[in-house]
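Features of the protein shown, as given by TrEMBL:
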- 44-212: domain 'CP-type G' (DOMAIN)
- ASN88, LYS89, MET90, ASP91, ASN156, VAL157, GLY158, LYS159, SER160, SER161, GLY208: GTP binding site (BINDING)
Amino acid sequence: VPDEHRVLCRVTWVLWCGTERGNTSSLKARSVARFGHGAFPQGLRQMRASLRRADCLVEVHDLHIPLSGRNPVLQEVLGIRPHLLVLNKMDLADPRQQVLEQLRQQGCSHVVFTDCQRDSNVKKIVPLVAKLVSSSPRYHRAESTEYSIMVIGVPNVGKSSLINSLRRLHLKKGKATAVGGEPGVTRVVLTRIQVCETPLVYLVDTPGVLPPKLADMETGMKLALCGAIRDHLVGEDIMADYLLYVLNRQQQFGYMERYGLPEASDNIRHVLKYVAVTLGKMQKVKVLTGTGNVNMMMLNYSAAAYEFLRAFRAGHLGRLTLD
Ligand SMILES: Nc1nc2c(ncn2[C@@H]2O[C@H](COP(=O)(O)OP(=O)(O)OP(=O)(O)O)[C@@H](O)[C@H]2O)c(=O)[nH]1
């Protein structure tokens with residue numbers, strides 16, 4: 001079996017069983033693996049209830065994966081409201097031109113690319129939302145002058161960062177909602193947060209919700225690389241292997257210079273050796289010998305895999321779009 005197939009098989013198995021130990025009896029563990037902590041089904045139920053009061057849906061997704069992993073359950077719901085797709089983390093990814101075309105074919109005609117850490121393009125959102133809402137029926141809310149927006153998306157794509165960025169730009173106010181590098185930071189559907197004075201705009205942050213069933217194994221891997229699924233559920237070593245496969249396939253060889261490799265390699269253990277040496281990732285290992293125990297320093301491959309993933313997520317391995 002080719003290496004990448006073995007990697008993908010293990011990922012599917014892990015996603016299926018929910019935990020690395022294959023504890024299939026634990027429904028909670030399975031739902032955490034598939035949907036993120038505390039996000040489903042209670043989160044989805046709460047979102048549905050709040051949806052009645054929303055004038056517009058702002059779907060935030062990671063520009064690393066503009067096509068993969070968008071939640072079809074959410075897309076079903078999207079049909080009834082004006083919809084804006086925000087592709088965030090544009091500082092880290094470089095989408096191909098066809099991606100926009102494919103998104104248009106999927107019915108996403110309003111797309112904004114943002115970097116919520118540097119507030120790039122975030123100013124475009126409120127005017128666009130105002131235009132979309134005013135050109136669509138608001139039924140019982142027709143008289144109201146305020147806009148209510150629901151922010152949705154899979155875990156860790158930057159929904160809370162977007163809300164904080166909007167508040168910084170329009171209200172000169174600080175954080176209203178917690179941000180974190182791990183999926184599942186936002187656990188409950190929060191009360192409305194004001195993000196703009198004129199027009200009066202309120203947002204509702206929601207917990208990240210993953211699709212109930214992932215389309216294929218690669219989608220699962222891509223979501224894991226983007227931090228939508230907790231690393232330990234898939235395994236850092238497997239994720240690092242898939243990342244190396246994608247980097248080589250897209251001829252992004254920045255890792256060679258960063259970690260001092262003389263040439264490109266598709267052997268993850270070989271690459272992680274260089275990562276561990278460059279970053280000094282060593283561990284003490286007790287070796288049993290005939291004359292007593294000896295402590296030896298060995299390369300720490302797990303720590304190296306973790307650092308390799310972190311480098312990708314921080315954009316140090318190049319601007320990469322996984323789709
Ligand atoms: N480089 C970069 N990082 C970003 C950007 N937006 C958000 N992040 C980072 O992405 C991580 C997740 O951001 P959050 O705003 O917590 O994402 P979320 O979608 O609210 O996450 P959940 O609460 O898990 O659903 C954090 O480490 C942010 O700092 C961006 O535009 N560029």
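Glycine is treated like the rest: Cβ placed from N, Cα and C.
All features noted in TrEMBL, drawn onto the structure.
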{"residue": "ASN88", "record": "GTP binding site", "Cβ neighbours (10 Å)": "27"}
{"residue": "MET90", "record": "GTP binding site", "Cβ neighbours (10 Å)": "19"}
{"residue": "ASN156", "record": "GTP binding site", "Cβ neighbours (10 Å)": "27"}
{"residue": "GLY158", "record": "GTP binding site", "Cβ neighbours (10 Å)": "24"}
{"residue": "SER160", "record": "GTP binding site", "Cβ neighbours (10 Å)": "25"}
{"residue": "GLY208", "record": "GTP binding site", "Cβ neighbours (10 Å)": "28"}
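In this structure, MET90 (GTP binding site) belongs to neither helix nor strand by DSSP; it is coil. Taking the domain 'CP-type G' (44-212) as a whole, pLDDT averages 79 in the prediction. In this structure, SER160 (GTP binding site) is part of a helix by DSSP. Following the DSSP three-state reduction, the secondary structure of GLY208 (GTP binding site) is coil.
The GTP-binding residues named in the record, ASN88, LYS89, MET90, ASP91, ASN156, VAL157, GLY158, LYS159, SER160, SER161, GLY208, extend over a maximum Cα to Cα distance of 21 Å.
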